[in-house]
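Enquirer: I'd like to ask some things about the structure below.
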Amino acid sequence: MGLLVDSKDGGGGGGSGKQGSRGGLNSFIRRKQVDSVHVKSGGQQLAKELTIPHLVAIGVGSTIGAGVYILVGTVAREHSGPALAISFLIAGIAAALSAFCYAELASRCPSAGSAYHYTYICIGEGVAWLVGWALVLEYTIGGSAVARGISPNLALLFGGEDSLPAFIARQYIPALDMVVDPCAAILVFIVTGLLCVGIKESTLAQGIVTTANVCAMIFVIVAGTYLGFKTGWAGYELPTGYFPFGVNGMLAGSATVFFAYVGFDTVASAAEEVKNPQRDLPLGIGAALSICCALYMLVSIVIVGLVPYHEMDPDTPISTAFASHGMQWAAYVVTAGAVTALCSSLMGSILPQPRILMAMARDGLLPSFFSDINKRTQVPVKSTITTGIVAAVLAFFMDVSQLAGMVSVGTLLAFTMVAICVLILRYVPPDEVPLPSSLQESIDSVSSWRGRNSHEISEEDPKAYVGSSKESTKPLLDKVDILVELPLIEKQLPFVNYTLSEDKRRKIAGWTIMFTCVGVFLLTYSASDLGLPSFLRYTLCGAGGILLLLGLVVLTCIDQDEARHNFGHTGGFICPFVPLLPIVCILINVYLLINLGADTWARVTIWLLVGVVIYLFYGRTHSSLEDAIYVPAAHADEIFRSSDNYVS
């Protein structure tokens, strides 16, 4: 009785036996195991140096950028009015849905790669590649955009826009018809150098910069509260009331400020470097998100109260709010906060990308150059330097602010995939794992041993054991005592029915998850596209809503898979309110994805098509799963032990 599982019969897909991968569509749906073969075979690993304070510094530093110093004015004037704090609260709750999903997957699958890694484990190689490729775009454009924003704010600290020394000030080059920014490129190189020194050292530097930023925000809160009580909170004494734009305006403001919370995925990308990932990752993500939400809300409460929302300066709302009360010097504190926020956010943008490149190279989808880890610093130095050079060149030559929308695609796509992965993990977790072809001898040995054992047992007592392709010769001791007095045909039927019932449950759950995602897309697309004919729009909206509700009901009624308790590293955080929470998370993120705009999607589509070409001509054929052998998960450890014994 063999252990090999054919890809067309299982949930993962690489192939079976010595034939390896059979190509075609199977390469797109093959899935890797939680701990990559590279790590399990004793390869180079990243340094495990991070604890909860480090993760909080990374999360807060990556999340709180200079945008908060501008968002409060723009969103209050155009959407929320005095209800700005509620907009931040709702956006924080929406971000927390994704954070819950990230927390479970990060503690169960603590390896570098973040959403790319989770997608590869739960969904398949093709989708994982697109997610990883989109994340590469996100961090490249995001880091370059942040770097370009530092020099104007830094110039304000020196007295004005043209106050920086000439060698780092922005210069216009007529021959190229562009404005170059040496300061941005220099800062990128400095951050890259810090990241190459070591994860602990770079995180310490980020913690110091983040502390300075938080202190600036605390100053705004404390000084603003004093002024508010002194002047009577003029911003709340308005005839238009607390919701001048209505509840819809407040919700629109929530959608705008949602992107102020998207830095916590950087924490997940550093999962492999955490000392105790099952405990520290969920606490780090949760603490970072809570601190950011509290700071955002307190700043917005104070600033909206100091100045009526319709009088706010959309570009410098906090500085002008203090200046209107005679505190012009406070502008320097606010500007210093903005500079430190941008520097911390720059570190948070460059930190994850080398680890995603490393994870993709480990899996064979990119050249092995990117997976090399420096033996002394235990950091992927080559990937970090490559990332820094590309980001510095972009920051030096290009004004990438017009490409900022492309950053949101990578973030929201990652959030969506992570929520889907939680549903898959709970209802249809992979029941087979890929092993390298080098273990073929161990697989054959274990398979023949179990086959002989099954034959001997069947001669002694053919009723004691029942075999299947998934559980081979596993004894069904709990069935024997119950059925011992029944005829043979009745002894077999309960087991057959049980097997069919479990297979049917997994099929129903799998199809339900897929149709739920289809329903979410139809509902959000039809609700967002006002150009559709009314009949078609309402039809699609109704169909999507029905699929979504049916999916929620079905997943709520059927049992979750028992294998979820043993999937990955157990003992960590468990996402609550499944399936409701992940489905709501998918709905929110897909809605925001669809509403990013046609220009943004046109640019992203070009990038993704380039990624598809690279995958088809390189990644698919160089994948570490190309010659993998899929075996039932229950037998993987036994095969590894057999391999260790054989080697010893």
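Glycine residues also receive a Cβ, built from the backbone N, Cα and C atoms like all the rest.
So TrEMBL lists these for the protein:
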type	residues	note
REGION	1-25	region 'Disordered'
COMPBIAS	10-23	compositional bias 'Gly residues'
TRANSMEM	50-72	transmembrane segment
TRANSMEM	84-103	transmembrane segment
TRANSMEM	115-136	transmembrane segment
TRANSMEM	179-199	transmembrane segment
TRANSMEM	241-264	transmembrane segment
TRANSMEM	285-309	transmembrane segment
TRANSMEM	329-351	transmembrane segment
TRANSMEM	379-397	transmembrane segment
TRANSMEM	403-425	transmembrane segment
TRANSMEM	508-528	transmembrane segment
TRANSMEM	534-558	transmembrane segment
TRANSMEM	570-594	transmembrane segment
DOMAIN	573-623	domain 'Cationic amino acid transporter C-terminal'
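A description of the local structural setting of each listed feature is requested, covering burial, neighbours and distances.
Expert: Residues 84, 146, 149, 153, 199-200, 203-204, 206-207, 209-210, 213-214, 217, 256-257, 259-264, 266-267, 270, 273-276, 280-281, 283-285, 287-289, 291-292, 295-296, 299-300, 303-304, 312, 314-318, 334, 337-339, 341-342, 344-345, 347-349, 351 of the same chain lie 6+ residues outside the transmembrane segment (50-72) yet bring a C-beta within less than 8 angstroms of a C-beta in it.
Residues 72, 75-76, 250-251, 253-258, 260-262, 264-265, 267-268, 281-282, 285-286, 289, 292-293, 296-297, 300-301, 304, 309, 415, 418-419, 421-422, 572-573, 575-576, 581-582, 584-585, 588-589 of the same chain lie 6+ residues outside the transmembrane segment (84-103) yet bring a C-beta within less than 8 angstroms of a C-beta in it.
Sequence-distant contacts of the transmembrane segment (115-136) (same chain, at least 6 residues past either end, Cβ-Cβ under 8 Å): 12-13, 27-34, 105, 109, 265, 268, 352-353, 356-357, 359-360, 363, 365, 409-410, 413-415, 417-418, 420-421, 424-425, 429-430, 568, 604, 607-608, 611-612, 614-615, 619-620, 623, 625.
Outside the transmembrane segment (179-199) by six or more residues, the chain places 46-47, 49-50, 143-144, 147-148, 150-151, 154, 164, 167-173, 205, 270, 273, 343, 346-347, 350-351, 354, 374, 377-379, 381, 384-385, 387-389, 391-393, 395-397, 399 with a CB less than 8 A from a CB of the stretch.
Long-range neighbours of the transmembrane segment (241-264) within the same chain, counting only residues 6 or more positions beyond its ends whose Cβ lies under 8 Å from a Cβ of the stretch, are 59-65, 67-68, 71, 74-76, 78-84, 86-88, 90-92, 94-95, 99, 102, 285, 288-289, 292-293, 296, 309, 345, 348, 408, 411, 415, 592, 595.
Residues 97-98, 101-102, 104-105, 108, 114-115, 118-119, 121-123, 127, 130-131, 134-139, 141-142, 145, 259, 262, 265, 513, 516-517, 555, 564, 567, 575, 578-579, 582-583, 585-586, 589-590, 592-593, 596-597, 599-601, 603-604, 607 of the same chain, all 6+ positions outside the transmembrane segment (403-425), place their C-beta atoms under 8 angstroms from a C-beta of that stretch.
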Enquirer: Give the nonlocal contacts of the transmembrane segment (508-528) in its own chain as ranges (CB under 8 Å, at least six residues past its ends).
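Expert: Distant contacts of the transmembrane segment (508-528): 420, 423-424, 427-428, 536-541, 543-552, 554-555, 558, 561, 583, 586-587, 590-591, 594-595.
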Enquirer: Which sequence-distant residues neighbour the transmembrane segment (329-351)? Criterion: at least 6 residues beyond either end, Cβ under 8 Å.
Expert: 58, 60-66, 68-69, 139, 142-143, 146-147, 149-150, 153-154, 156-157, 187-188, 191-192, 194-195, 202, 205-206, 209-210, 212-213, 215-217, 219-220, 223, 263, 266, 269-270, 316, 318-319, 322-323, 384, 387-388, 391
